[in-house]
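Annotated disulfide bond per Swiss-Prot: CYS11-CYS77, CYS27-CYS123, CYS29-CYS45, CYS44-CYS105, CYS51-CYS98, CYS61-CYS91, CYS84-CYS96, in sequence order, evidence recorded as similarity to another entry. Look at Swiss-Prot and you will find TYR28, GLY30, GLY32, ASP49 tagged as Ca(2+) binding site, backed by similarity to another entry. The active site feature in Swiss-Prot is assigned to HIS48, ASP99; the stated evidence is similarity to another entry.
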Amino acid sequence: ALWQFNGMIKCKIPSSEPLLDFNNYGCYCGLGGSGTPVDDLDRCCQTHDNCYKQAKKLDSCKVLVDNPYTNSYSYSCSNKQITCSSENNACEAFICNCDRNAAICFSEVPYNNEHKNLDKKYC
């Protein structure tokens with residue numbers, strides 16, 4: 001779920017305010033996304049969007065009325081390491097790994113302030 005993704009990003013980047021920092025960044029960070037990613041961070045978001053699209057195609061996710069933004073899962077954070085719980089079902093595990101990989105990606109690439117609230121005409 002979105003609030004868990006927020007927590008994962010805080011785990012990897014404790015100084016961040018994920019919903020403020022990463023929402024409406026570039027062409028893909030935030031709801032929706034199209035065009036060409038503007039940088040590596042935007043590519044992290046594009047990959048995350050594609051991961052959620054794959055999750056929605058899984059049979060184990062089809063029974064859910066929810067979508068990946070609201071479907072919750074179990075994970076833990078210790079010493080900046082994110083672990084998805086083995087108790088997650090197949091769908092939860094998939095979404096957890098989408099979020100985990102994106103949080104790791106965010107922590108490994110530069111943040112360019114000029115790409116925050118980017119006019120989508122540049123996408």
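Heads up, the Cβ atoms here are built off N, Cα and C, so glycines get one too.
Values in this document were obtained by computation on a predicted structure and should not be read as measured data.
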Among CYS98, CYS123 [disulfide-bonded residues], residue with fewest other Cβ within 10 Å: CYS123
CYS77 (disulfide bond) CB neighbourhood, other CB atoms within 10 A: 15
Rounded Cα separation (Å) that holds between CYS84 (disulfide bond) and HIS48 (active site): 16
Candidate with the highest Cβ count within 10 Å, taken from the binding-site residues GLY30, GLY32: GLY30
Rounded distance in angstrom between the Cα atoms of CYS29 (disulfide bond) and CYS61 (disulfide bond): 23
Cα separation, TYR28 (Ca(2+) binding site) to CYS98 (disulfide bond) (Å, whole number): 15
Environment of TYR28, GLY30, GLY32, ASP49, the listed Ca(2+) site - residues of the same chain whose CB lies within 8 A of the CB centroid: CYS27, CYS29, LEU31, GLY33, SER34, CYS45, GLN46
Residue from GLY30, CYS44, HIS48, CYS105 whose C-alpha is spatially nearest that of CYS96 (disulfide bond), among the recorded positions: HIS48
GLY32 (Ca(2+) binding site): nearby recorded positions from CYS11, CYS44, HIS48, CYS77, CYS91, CYS123, Cα cut-off 10 Å: none
Residue among recorded positions TYR28, GLY30, ASP49, ASP99 with Cα closest to the Cα of CYS105 (disulfide bond): ASP99
Cα-proximity to ASP99 (active site), 10 Å cut-off, over recorded positions CYS11, HIS48, CYS51, CYS61, CYS91, CYS123: HIS48, CYS51
Sparsest-packed among the disulfide-bonded residues, when each Cβ's other Cβ atoms within 10 Å are tallied, from CYS27, CYS29, CYS61, CYS91, CYS105: CYS105
